[in-house]
Each structure stands twice: as structure tokens, then as C-alpha cells.
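According to Swiss-Prot:
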- 9: active site, tele-phosphohistidine intermediate (ACT_SITE)
- 87: active site, proton donor/acceptor (ACT_SITE)
- 8-15, 21-22, 60, 87-90, 98, 114-115, 180-181: substrate binding site (BINDING)
- 179: site 'Transition state stabilizer' (SITE)
């Protein structure tokens, strides 16, 4: 029976500052580092082990994975990084404080941008502070100017089918360290959560989510490791 573990990165600097982060690269806070270490220690204590690891191109997810693996004595495990596991791109909201954005645009509009399934935020204007077009890690990639959750799912699921699902079907134990919305995409797919419900699903930082899967990758169980 294949085992899959999902971990949202530990608290980041912009989580702490309540800013829209998206594709912008920010580091973990001390609390985020502690969350990642605790996740690794918990997985080791519960007897979890892995054969293959996946993460995004973003530092906060990569570091969370590395810190957790170090706590498990598994830094040597193979890791594949891919931009398709990145956080949802928040477009022109990137870098803005969420409370200030609500004061400027109104709570209702900000809720639409944050929590609707298929309505993206305003686009990120090219050439600005948060333009990633010259970031070498994204060379050859068509960087989005904004994304809805639906857009995020549209890039995450092909990667799942192409790379991750075959590993699980081959019997490999897999851990994915990623982001709130890229993980929502996977949870929606695996647990068949409707469009209007997935936007309300909260995924806390640094908490391993365990999926016990049938051989055809249908979900038999989903739970937070800390609760079992």
C-alpha cells in the first residue's frame, strides 16, 4: 500500500508579516525552522521512511524538506525539485500586507482574490520589484503573471501524473514539501474535494499530512501525523 506524506513549508518571514508571498522567495523564520525539525522528528518517531522526495523551486519548501530529512537521518535521499510545485502566483498582490490590501480594496474583493476557485488577482506588472523574469532558476519557463487556484491545479496535476504517481505505483514511499495552494491541488485531487470547498481547506505550516493509498492511488485514509 503506497504511502504519501505532504508537508507545507514551515513558517516563512512573510507568513509572519502577513504578506502575499506567491512565487517570491523568502526564508524560514526561527519558528519555521523549528516546525521543520519537529516534523522530521515526528516522522522518525512514527516510523515513517521514504524512497523519493519532491519539492518546489522555492527556498522555504526546500529548506523545510532538508531540515526534516536531517532530523530523520535521511539527507541522502534523492530529491527532485520542480517549479510546478511552487506556490500559487499572487500576481500584483505579491509583497502586499493582507490587512493593508483589504483596507485599500475592501474585504470582499480581497476574499474573492484569495478564496475564489477560478478568479485570479490582478496581474504582476513586468519590470517591477517582484518580476522574476531574470531569475536564473526560471530560465525557459513561462512565468505566470497571476494565478487562481484553478490555474495552480492545472500545472500541479500534470506533474503529479508524470513524475509522482508513477513512483507511488512502483511502491516507493514519497514525501512532498511544498506550499499551501500546490498542496491544496493534490488534496483536492486525491480526496475528491469540490471546487467550492477546497478554497476553505486550511493546511497548517510544518504539519505532515499522511495519505494511505490503494495500489490504484485512491485514498484510503488522510490524517495529520500528529493526531495518530
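Cβ atoms are placed via backbone N, Cα and C, with glycine included.
Feature map: annotations from Swiss-Prot on the structure.
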residue	record	DSSP class
8	substrate binding site	strand
14	substrate binding site	helix
22	substrate binding site	coil
87	active site, proton donor/acceptor	coil
98	substrate binding site	helix
179	site 'Transition state stabilizer'	coil
So which binding-site residues are near residue 179 (site 'Transition state stabilizer'), with CA atoms within 10 Å, out of 11, 14, 98?
-> none
Recorded positions considered: 9, 98, 179; fewest surrounding Cβ atoms within 10 Å belongs to 98
Cβ-Cβ under 8 Å from residue 14 (substrate binding site), same chain, 6 or more residues apart: which ones?
-> 20, 21, 24, 26, 95
Other C-beta atoms that fall within 10 angstroms of the C-beta of residue 180 (substrate binding site) | 19
Here the binding-site residues are 8, 11, 22, 98, and the Cα closest to that of residue 87 (active site, proton donor/acceptor) is found at 22
Cβ neighbours within the same chain of residue 11 (substrate binding site) - under 8 Å, at least six residues apart = 28, 29, 31, 32, 35, 205, 206
The residue listed as 'active site, proton donor/acceptor', number of other Cβ atoms within 10 Å = 25
A correct count of other C-beta atoms within 10 Å of the C-beta of residue 88 (substrate binding site) gives 29
